[in-house]
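Enquirer: Below you'll find the structure I mean.
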Amino acid sequence: MWLRNQTSLADFILEGLFDDSPTHLFLFCLTMVVYLVALSGNTLTILLICVDRGLHTPMYFLLSQLSFMDLMHISTTIPKMATNYLSGRKSISFLGCATQHFLYLSLGGAECLLLALMSYDRYVAICHPLRYTVLMSRKVALMMALTSWLGASLNSLIHTVILMHFPFCGSRKMYHFYCEYPAVVKLVCVDVTVYETTVYICSIVLLLLPIILVSTSYGFILHSVIEMRSAGSKRNAFATCSSHFIVVSLWFGACIFSYMRHRSQRTPLQDKVGSVFYSIITPTLNPLIYTLWNKDVAKALRRVLRRGIITQ
């Protein structure tokens, strides 16, 4: 029993994304540039929302939470991958793997819930503008953020404790660049068919419920926009929702590709591609999409920059 426990607590091996070839060195450098863009973009979005009074609304409070989730999400995986690549080591400790699994699953689940709740915010803003301050008060926005964080963290804690409790054997080598569920569960020695089925069902529920809420909200929004007589009002409504809709499509599309396929339909390469998209590409694109598509954010950025130039 003691020997099995010692074996279970041994390090895992992460294959990583890149090898030592010149092409992969270039791709590694490109990944680090993308990471820095994501880091600076999301940090700038959070600071901008905190500094500019014009963005002190429920919608932008939720956007700041989304940026914070993206910031943490990309920082959960890339620094360790970069450290292993540069040092030539490929190991991650048992505790480090469990922590990484808990964090990425918490942040991914929280983002699913938050994006769904943000669609409700857009529904209220467009379909019930006169009641917006009542239906979407600061208290409601705070409750939405707390629900996303706490609900996803509890779900992640349960799954992480169960998964890391299983015995691991063999080479303990993951063909991945971080401790994601599909890669970790392949190393388990015992039959986990029941657990895998449970996780598959939970993934479908955690993805489908937010998608249903998003689809319903945008269905009502589309109906309201069609009934608007003013072309200007229609443009404003589409401008308000377009950035959120693009972010939702990118995020849920990548999550569906990664988690709503059965184990028999997955390959290590497909898992890596899906993970790169929603753990690196999406957190990088989100602040760019909101900055380029959202006039309020763009105006706030210009105001802050102008204020800084005048102060100097």
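These residue numbers are counts, starting from 1, taken along the chain as shown.
Note: Cβ is positioned from N, Cα and C throughout, glycine not excepted.
Pulled the feature table from TrEMBL, pasting it below:
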type	residues	note
TRANSMEM	25-49	transmembrane segment
DOMAIN	41-290	domain 'G-protein coupled receptors family 1 profile'
TRANSMEM	61-82	transmembrane segment
TRANSMEM	102-120	transmembrane segment
TRANSMEM	140-166	transmembrane segment
TRANSMEM	198-225	transmembrane segment
TRANSMEM	237-260	transmembrane segment
TRANSMEM	275-293	transmembrane segment
Enquirer: At an 8 Å Cβ cut-off, counting only pairs 6 or more apart in sequence, do the transmembrane segment (237-260) and the transmembrane segment (102-120) clear the bar of 3 or more pairs?
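Expert: Output yes: the transmembrane segment (237-260) sits against the transmembrane segment (102-120).
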Enquirer: Considering every residue in the domain 'G-protein coupled receptors family 1 profile' (41-290), what is the mean pLDDT value?
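Expert: It averages 87.
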Enquirer: I need to check the long-range neighbours of the transmembrane segment (25-49): which residues 6 or more away from its ends have a CB within less than 8 Å of a CB in the stretch?
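Expert: Beyond its ends, the transmembrane segment (25-49) has Cβ neighbours at 17-18, 55-56, 60-61, 63-64, 67-68, 70-71, 74-75, 78, 82, 85, 280-281, 283-284, 286-288, 290-291, 297, 300-301, 304.
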